[in-house]
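Over in TrEMBL, the protein carries these features:
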type	residues	note
DOMAIN	3-1138	domain 'RecF/RecN/SMC N-terminal'
BINDING	32, 33, 34, 35, 36, 37, 38, 39	ATP binding site
COILED	170-486	coiled coil
COILED	651-706	coiled coil
COILED	735-906	coiled coil
């Protein structure tokens, strides 16, 4: 393997693309001092991965970019490319088959550094790995420059050991051993964490297994409890059915007794109906007469009020006429005075107008003269102020610029020093960060953490969805239970209402419908159907019409009326319903029914009692359903809770609510079925997600600890580097800004000193005094004329104001005169009121006579109504005893019906409970033991419930969770076994690496030591040198050099001269080369400290080694130049720019001597 050439572009002083060829084994680079020869060595070191700008003789890595010269601009990037001949296959691995290998590095001014391998972008690590074991590297023994000789000889034993290791090719073994140790440490850490997890899982598994056993016991007990509960409900259903049969027999007996008393009531009510119809007709006639009496009274009152108003108006009209005549006389006198004053003011205005015009003209001329002079004065003032401001501004500007110059100079010096410190700190941080980045495990850890996060997110989402579903299912179950309870309550209430209404209608005689059909009569309907009344009066209407609720309504009376149809038919009349009666509150045809027309409505019992005493033919009715007649209070036929109308309304509302509740129950049951299906699917998904999470957790734990330490170190270094780079960039910008500011300030200060104002302040003062005196005279004159004009103008304005006021007064007086005349004329036309007064007096007398006649007729009809009401009261008293017996029989019947409804409701509740338990009644009855007893079965259910309660809180999911956790525990046990096996394998690998490393190091050490002992006498012409180990452990021992030149007995090499140290170092390097030759060796003026005799020995040694090693060296020595097979001259004809020239030996000597 051989270096063919180097290509430099923009690197340090090689701004142009420069190709340095190395066609032979020995190439000498010559040129004067400072021409850029050592930049060739720096270029090779830089490409091989050097990360320290200090080792490249710079402050920052961007310093390797050409920074410009007197005639050249800076460039934006620098690149160096090394081309190797690999035809001998020295480089192994994937590039072993390449005959030519190119290695390139490029850096830009923004700090970005890129590596390329055969034109493909790669990492710095790839370049380092490529040359592992070859002896090449940024700081290897193959590059020996000025000052490196002393560092090699004076290096510590551990530092010198590195050269032996590189020669032995065990660098890659050490790297592998370090990586293996890291993996072992991570494996041990993972084992510790895995053991913790296994212990925790074992504890959780024991707990879950106990919970699972309790859950299985709970399920068994719940199954037994369910069986006994179903049989207990079946026993209760049988008991309720037996009780219901007994109640049905009792109801039939009560219905027969009620029908007997109702027949007796109908016979008594026929006489009552006829008397009430007579009373109703009499009351209607009396109401008409009273209405006429009240109307006549209103007419009398209205006529009296009109007559009194007309008489009062006549008196007021006479008084107003006298007042208006006096006002007209006074207005005429005032009008004459105001007209005379208006004429006098007009004369005075005509006299003042010429004087005002003259005064205005004089004032205007004086003001114009003053204004012209004022403008000149203001211009002078502005010029004078500008002069003073310019002088003050110039003085302040000079002081400011001087202070700013001093401040910029101090800041620039401080910034440049801070920048230098920041550059050194950043370079050190970059080296440390680059070394740490090479071994980073962040990518693998990030991938594992991402997989763990994804798995954990999936597991959490599944758990949350399952928990939400369980909560929703529990909520739906609760809602379903509430809906079912509500449904049971509504069903019971509906059944009770239906039973009550059926019982109330059970006594209807079928003969009514048959008779109507035979007669060909078409009824409008039943009273209960047509009775449309507001909620406020509903109870009162049913109380009044209770006996006729089941009756049929006819528009006309039939030809004959069977006696047994008593209260079963209602015939409508033609009279209008009074507004204060019950009929006035009814809507529809029942307004024409005589019964509600006879009932006067009252707000309370007190009012009803008083009205019934005064009107004997009518019955009074309160909102609470209380009936009052001339005979006093009548017992209510029905209470509010027994109202059939209210019961019918409640039944309709209950049926509507029941339909809605049943729809809700069906929907909730469907939701529960869907929830069960979703729960089963989610539980399967949760099991799969748990398994993925366990696998991802184990994988992430493997990488977490390895990444933690590196992440901490990298974070600290990156934070420091970021702060350093930010500080460096800020300081660079600050320095550039300060430099520009300093230049601007110096330039501005020079300009300011030349622009000193030259005007004379005394001349400005004289001009100001002269203009000030003339300005004062013109101001006084203008003020005098202005004052005269103001006085005249004020007087004219006063006269005009007086004239306008007088004109307004005259107009107002004229309007007042006209208004007074018009009012007087209107008052004079009031003769028509006298005629109207006489007419009203005659009408009043006639109305009083009519009212007296109507009052006599009203007394006659009132007496007739009182007689009819007394007869009605006598008949009603006989009916009360029958009504009491009917009410008693009805209450007994309703009580039995309600008890039957309650029993039926309890029976339905039992069936509902069985439906909820999904236990049909028939199979339960078939499997029911013959000796089953409700009390014994209840005790058994309580025993099971007590056993379930003793179990305490039950985790029903424990069975499934225990199985899942057991699978995870088995998986972790397998992982523990795998990790233990991996750890044993790694320990075996470490032992193998240590064994091979000791063997290689020992072999190489002996070979290098032998080569040193052989070469040292050749270089020095005698003497001896050897290597010595500092410890017994070949893996940790350092290496020391012991050298004794001929004729000396030094105990340490630190006592050697500079030339002796250089030759000793060369002897060691060449001994290493002979063992493991590097592809090439770079020597940078290593012969400088040698005298001519030692230079000759050095040259002969180099020439001997060049048979196996390519040498590229820089020298100013003629003997070394003559030894080279090829000379490469470097010159700097253009300042700051290096170029390559072809030279021979004599030209090279002359070139170096010229420097």
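In case you wondered, yes, glycine gets a Cβ from its N, Cα and C as well.
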Is it possible to get the count of other C-beta atoms within 10 angstroms of the C-beta of residue 34 (ATP binding site)?
11
Residue with minimal Cβ packing [other Cβ atoms within 10 Å] among the binding-site residues 32, 33, 35, 38, 39:
33
Which residues of the same chain, at least 6 positions away in sequence, have a Cβ lying under 8 Å from the Cβ of residue 36 (ATP binding site)?
12, 13, 14, 1130, 1132, 1138
So for residue 37 (ATP binding site), how many other CB atoms are inside 10 Å of its CB?
23
Quick check: which same-chain residues outside 32, 33, 34, 35, 36, 37, 38, 39 lie with their CB within 8 A of the centre of the ATP site CB atoms?
13, 31, 1130, 1132, 1138
Restricting to the domain 'RecF/RecN/SMC N-terminal' (3-1138), what is the model's mean pLDDT?
76
Using DSSP reduced to three states, classify residue 38 (ATP binding site) as helix, strand or coil.
helix
